[in-house]
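Enquirer: Below you will find the structure I want to go over with you.
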Ligand code: CP
């Protein structure tokens, strides 16, 4: 297969294993290019991309922008805080105004779940979901699985535990879809109050005890508690959360094996993970960020190839 089965990347649940394999193969090629002295290719000189961020971001926004520029696309950036959204403009009006400027692709982060799907049904441009509320964050899941495959040789057959605020996490949901498609075994670990009711129906086991989860896994993906999505308290205090679900060096060193530590960022150092773990040799957190550029180049390149065929 040399093309994606979809015209948009709205979530991992809409793509196939063959799509992921193609994205990873393409990312391998771009990873090699971005490590050369001249890191840029002319592939997308005829493509214009708008990055629309209606919610804060550091990694995803910079990573997409760099990926687009490495592919020589024309790039425009939009942040809701400094826009006419503040004056009451609707999402469709905002996006249609941007599309009038002859934009081919929209990369969008939005606080509302389903915002990308809504846009794909209402405008003529290829949409990439850069995170929609607590729904999906597909490029994060792709770069996470890709980073596991680079570190351990394969994702299939590996045991991965996702730890923390599963209920509010688009990273958890997209990771579960991607890891299961690629044949990994997946557990989730965290307070019962932060476990969605449907989680076991996704073929994922719940383990409430962090030590047991770490003893079982090859890889632990530590998530941030999404305080901005909580309107009530889901655990007594941050201190108690850290005592039960925080990963520190003493716990890591007490396991009788080496596991791989991941985190999508931003990190709350000292809450879900201590600094000495985040910065340890077992952590691949910065490799995830580096791989993110190659993965986003691959996604944009493959979607743009489909636009060019239309
Ligand atoms: N991982 C991630 O989505 O980080 P940002 O919110 O900084 O983009």
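Any Cβ shown, glycine's included, is placed from N, Cα and C.
Residues annotated as domain 'Aspartate/ornithine carbamoyltransferase carbamoyl-P binding' in TrEMBL: 8-149. For 59, 60, 109, 137, 140, 265, 266, the entry in TrEMBL reads carbamoyl phosphate binding site. The L-aspartate binding site annotation in TrEMBL covers 87, 170, 224. According to TrEMBL, the domain 'Aspartate/ornithine carbamoyltransferase Asp/Orn-binding' annotation covers 157-302.
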Enquirer: Near the Cβ of residue 109 (carbamoyl phosphate binding site), how many other Cβ atoms are there if near means within 10 Å?
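Expert: Cβ-Cβ neighbours of residue 109 (carbamoyl phosphate binding site) within 10 Å number 26.
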Enquirer: Can you check what DSSP calls residue 265 (carbamoyl phosphate binding site), collapsed to helix, strand or coil?
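Expert: The residue in question, residue 265 (carbamoyl phosphate binding site), is coil (DSSP, three-state).
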Enquirer: I'd like to verify something. Among the binding-site residues 59, 60, 109, 170, 265, which ones have a C-beta closer than 6 angstroms to some atom of ligand 1?
Expert: 59, 60, 265
Enquirer: What is the interatomic distance between the Cα atoms of residue 87 (L-aspartate binding site) and residue 140 (carbamoyl phosphate binding site), given in whole Å?
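Expert: Taking the Cα atoms only, residue 87 (L-aspartate binding site) lies 31 Å from residue 140 (carbamoyl phosphate binding site).
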Enquirer: Does DSSP give residue 109 (carbamoyl phosphate binding site) helix, strand or coil?
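Expert: Looking at the DSSP assignment, residue 109 (carbamoyl phosphate binding site) belongs to a strand.
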Enquirer: Give me the CA-CA distance between residue 137 (carbamoyl phosphate binding site) and residue 170 (L-aspartate binding site), in Å, as a whole number.
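Expert: If we compare the Cα positions of residue 137 (carbamoyl phosphate binding site) and residue 170 (L-aspartate binding site), the gap is 5 Å.
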Enquirer: According to DSSP, which of helix, strand or coil covers residue 137 (carbamoyl phosphate binding site)?
Expert: coil
Enquirer: So what's the mean pLDDT when you look at the domain 'Aspartate/ornithine carbamoyltransferase carbamoyl-P binding' (8-149)?
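Expert: Residues in the domain 'Aspartate/ornithine carbamoyltransferase carbamoyl-P binding' (8-149) carry a mean pLDDT of 94 in this prediction.
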Enquirer: So around the carbamoyl phosphate site, 59, 60, 109, 137, 140, 265, 266 aside, which residues have their CB within 8 A of the centroid of those CB atoms?
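Expert: These residues sit around the carbamoyl phosphate site: 57, 58, 130, 131, 171, 264.
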Enquirer: What three-state class does DSSP give residue 224 (L-aspartate binding site)?
Expert: coil
Enquirer: Can you check which residue among the binding-site residues 265, 266 has the largest number of Cβ atoms within 10 Å of its own?
Expert: 265
Enquirer: List the Cα distance (Å, whole number) between residue 170 (L-aspartate binding site) and residue 265 (carbamoyl phosphate binding site).
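Expert: Cα to Cα, residue 170 (L-aspartate binding site) and residue 265 (carbamoyl phosphate binding site) are separated by 13 Å.
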Enquirer: DSSP helix, strand and coil counts for the domain 'Aspartate/ornithine carbamoyltransferase carbamoyl-P binding' (8-149)?
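Expert: Going by DSSP assignments, the domain 'Aspartate/ornithine carbamoyltransferase carbamoyl-P binding' (8-149) contains 69 helix, 26 strand, 47 coil.
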Enquirer: For a quick check of understanding: given the listed L-aspartate-binding residues 87, 170, 224, what is the maximum Cα-Cα distance in angstrom, as an integer?
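Expert: Maximum Cα-Cα distance: 32 Å.
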Enquirer: About how far apart, in whole Å, are the alpha carbons (Cα) of residue 265 (carbamoyl phosphate binding site) and residue 224 (L-aspartate binding site)?
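Expert: Counting only the Cα atoms, the answer is 7 Å.
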